[in-house]
Amino acid sequence: MPALTDAAISVSGLDKSFGTTKALDQLDLTVHTEEVHGFLGPNGAGKSTTIRVLLGLLRSDAGTAAVLGGDPWRDAVALHRRLSYVAGDVNLWPNLTGGEAIDLFARLRGGFDRKRRDALCDRFDLDPTKKGRTYSKGNRQKVAIVAALASDVELLVLDEPTAGLDPLMESVFAECVRELKAAGRTVLLSSHILAQVEALCDRVSIIRLGHIVESGSLSELRHLTRTTVIAETARPADRLAELPGVHDPAVHNGQLRFDVDTEQLDAVIGYLHSLGIRSLVSQPPTLEQLFMRHYGDDLNADVTTTRSA
Amino acid sequence: MTITTTRPAVTAHDRGSTFTGTGALVRFILRRDRVRIPVWLAALTLTTVGTAQSFQDLYGDDTNRAQVAETMSTPAGLAMTGPAHYLGDYTLGAMMSHQMLGFMAIMVGLMSVLAVVRHTRAEEETGRAELVRANVVGRHAHLVAALAVVAATNVVLALLIAAGLGGLGMAGITWSGALLYGAAHAAAGIVFAGVAAVTVQITEHSRGAAGLALAVVGVAYVLRAAGDVGDNGLSWLSPIGWVQATWAFLENRWWPLLLAVALAVGLVLVAFQLSSRRDVGAGLRQPRSGAAAASNALAHPIGFALRLHRGLMFGFGVAMLLLGVTYGSILGEAEDMLAGIDAFQDVIAEIGGATVAESFASMVMVIMAIIASVYVVMAALRPRAEENAGRAEPVLATALSRVRWLGSHLVVVLIGSVVMLLAAGLGIGLSGASSMGDSSMVGKLVGASLAYLPALWVTAGIAVLLVGLVPRAAALAWIVPLYAFLVGYLGQILQFPNWMNNLSPFGHIPQLPVDDLDFVPLLALTALAAALAVGGLLAFREREVNVT
């Protein structure tokens, strides 16, 4: 298995349609071994569809996908011994207890560790004796998380795992992910919670309309994004708007505020310097802004680019 | 000085009643069922009118009807139809009341039970009732609205049937009889709606509530069968017995329907009491906590499937046992009843050496096997239900292969099919042996019952094939028991051609203990079942797991 060492998941040109709806459109995704990879996108972007293809629950229409060096459809059973999955919407059997459901998943997968499972129940403050129908949404989610973490596997595929968890439990979950990373496990974490991905992930892929629009480490992605600058200068910055890479300049109470493409930052600061800088605040882009660039304002930018081209 | 104003306490008027919002919910139900209700009404009315028409074609003259009356006066004939009183003056109208009323009462019961459950417990189970109840809607509004619509549907059905039959203008079918005949349908439907009103309070699951209410319909039918064969008053314990005791088209007595109305009112009052005692979405029993860890059996795919199926298997198994015991208990009476009548010696000779009790038993076997096939379809469609509920996906994301997952369910269905027929066979065998004083009946009847296993397996095979190949249409598997029932019941009354019987797997099973044991059809059906099941498993391996 040659791909095993460098890529735990490698997908290229994946297409998947449901009737006339195109769920995945030429999707490429690479998750390296031993990294925590954020899979970021709004609802309906195709995150769960991608994950279902990777689990061999759906079959792709075109393209190739390899998970742990195997074919997710053909080698499903063998691969499932080496990976755990948490669904975003956990449905439990009404008449099975949470503990029974956890054991069932973990033992059907293999590599079940009873001590570890009990410790996880404690950490997540989960009562395993309650029947499935009596659990709240958050508690059902905990059952799925404990079941996934109770087995010692190489790859964890987590589809919006913290939906419905309270902030305390979210931090317990984050701790668990860091431990997995320290233990050299690979994690694919799908989410629309930006702070979570920012805090936990080494690399991020952003999906929009079934297509990966951006992929890389957080610092690599920051190269592609704009820094927000707030400055005061001795002389008015009349020519600021004409500089390349400057967006949305505005003046409030004598304070300049604008966004600048990272590659133009040096030239713009140089220009401000020539005017005499009195104060300067620069903010690196948050993931929120990064996100907005693909799903918000950048839509307009795309349109303008196409028109002017 | 500060002036404080206090809002007046909620007045009685503001508080509303527990029925507030019923009117809006009635309109809502009519909107949701705007296709369903007319289809039921049309199907039931057309069945009635069509049957009356074919009765006239088949049995237009008196001699024909006299012959039918004679064959119907056997225990088997009476168990299947209605009380012997109708045979005294077997007009076309009396034939309708005698042969169709019991069957139609089951159908009307089915319609009413499903409708009540659909608009009460099913709404609660899905959480939609909670959304509605959070508005200005009283505690009893859902139940009252559902019952009002179902009662109205039954009354409309009564009028349609009366108009349809009366309009035929046949000899022996009077307008006054037609009106009572229609009203008998409505009475049966309303009683069983009342039964469902109670069962939906008891259990949290709509499937359980419907199953419980339909079991009551079944018990009512069996009670009247036992009562009519034994002529022992048991029929008076059954609402179906009451509607058959109207002597519609003969003496036309209305008062037995009052019993039905009184029972329905009583049941609805009980339902109100029960529903006031429980929370929305909950049953009467508080959920208990259970094991903190899975047993070794549960961690095995078959043990896991067994766990999901065990409630249905146990409940249905008990029902099959009771059904067998009831039928068995009248075997002895059937024997006694005909022992002294010369006319039946010919009939017995015609059957070919078998006793009356044996021929009755062999007919009952078909009915019990078809009822067991209802279990088989419910159980075989369970994996599809798991898939729809989103519970198959996480299981299939473990190291459990699709074939083993679906195969485990299939194994449990096969075990269940043996349980059902064994329970039914033991029930009728043991109680038949004691009522006849002939212990050899136990083995004979258990064997006769188990002979239907291949037919159940074909049923399971068809269901699994549908689940694998066309999951969205998996419910089509219900056609198997429905068709077998129609052919088995109406086919005998209306003399369907032989090929229609042969289309059903139940038509190929030798009718033990009357027929000789012939292994060829049994093996052929088993092979067919295996082919269907393997096809279903392979198709499932190749298809996607879709949660919608």
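All residue numbers here begin at 1 and follow the chain in the order shown.
Positions of Cβ are set from backbone N, Cα and C atoms, glycine also.
Note that TrEMBL annotation is computational and uncurated.
Annotated transmembrane segment per TrEMBL: B:37-55 (among others), in sequence order.
What TrEMBL lists as transmembrane segment is B:100-120 (among others). Here the transmembrane segment (B:100-120) has Cβ contacts under 8 Å with residues 29, 32-33, 36-37, 40, 44, 47-48, 51, 81-82, 129, 142-143, 145-147, 149-150, 153-154, 157, 181, 184-186, 188-190, 192-193, 195-197, 199-200, 206, 209-210, 213-214, 217, 220-221, 224, 239-240, 243-244, 248, 489-490, 493 of the same chain, all six or more residues outside its ends.
Taken from TrEMBL, the feature transmembrane segment applies to B:141-166 (among others).
Here TrEMBL flags B:178-202 (among others) as transmembrane segment.
With a threshold of 8 Å between CB atoms, the same-chain residues lying at least 6 positions outside the transmembrane segment (B:209-227) that come near it are 78-80, 82-83, 102, 105-106, 109-110, 113-114, 116-117, 121, 192, 195-196, 199-200, 202-203, 233-241, 244, 312, 315, 319, 322-323, 326-327, 329-330, 371. Under the heading transmembrane segment, TrEMBL lists B:209-227 (among others).
Look at TrEMBL and you will find B:254-275 (among others) tagged as transmembrane segment.
If you look up TrEMBL, you'll see B:311-330 (among others) marked as transmembrane segment.
Per TrEMBL, the feature transmembrane segment maps to B:360-381 (among others).
What TrEMBL records for B:410-430 (among others) is transmembrane segment. For the transmembrane segment (B:410-430), the list of distant contacts is 302, 305-306, 309, 312-313, 316-318, 320-328, 331, 361, 364-365, 368-369, 371-372, 375-376, 379-380, 441-450, 452-453, 456-457, 460, 464, 533, 537: same-chain residues at least six beyond its ends, Cβ to Cβ under 8 Å.
Taken from TrEMBL, the feature transmembrane segment covers B:450-469 (among others).
Sequence annotations record features per position, and here TrEMBL assigns transmembrane segment to B:476-499 (among others).
Annotation comment: TrEMBL describes B:519-540 (among others) as transmembrane segment. Same-chain residues lying 6+ beyond the ends of the transmembrane segment (B:519-540) with a Cβ under 8 Å from its Cβ atoms: 402-403, 406-407, 410, 451, 454-455, 457-458, 460-469, 505, 508-510.
Counting Cβ pairs closer than 8 Å to the transmembrane segment (B:476-499), the top stretch among B:141-166, B:311-330, B:360-381, B:450-469 is B:360-381. Note on the transmembrane segment (B:360-381): residues 74-76, 79-80, 218, 309, 312-313, 316, 320, 323-324, 327, 331, 334, 354, 409-410, 412-413, 416-417, 420-421, 424, 428, 432, 441, 445, 448-449, 451-452, 455-456, 459-460, 463-464, 467, 474-475, 477-478, 480-481, 484-485, 488, 506, 509, 511-515 of its chain, located 6 or more positions outside it, place their CB under 8 angstroms from a CB of the stretch. The list of residues near the transmembrane segment (B:37-55) in space but at least 6 beyond its ends in sequence, with Cβ under 8 angstroms from a Cβ of it, reads 30, 92, 95-96, 100, 104, 107-108, 111, 115, 149, 153, 156-157, 160-161, 164-165, 168, 170, 173, 185, 490, 493-494. For the transmembrane segment (B:311-330), same-chain residues at least 6 beyond its ends with a Cβ under 8 Å from one of its own Cβ atoms are 75, 79, 208, 211, 215, 218-219, 222-223, 225-226, 229-230, 361, 364, 368, 371-372, 375, 378-379, 382, 412, 415-416, 419-421, 423-435, 445, 449.
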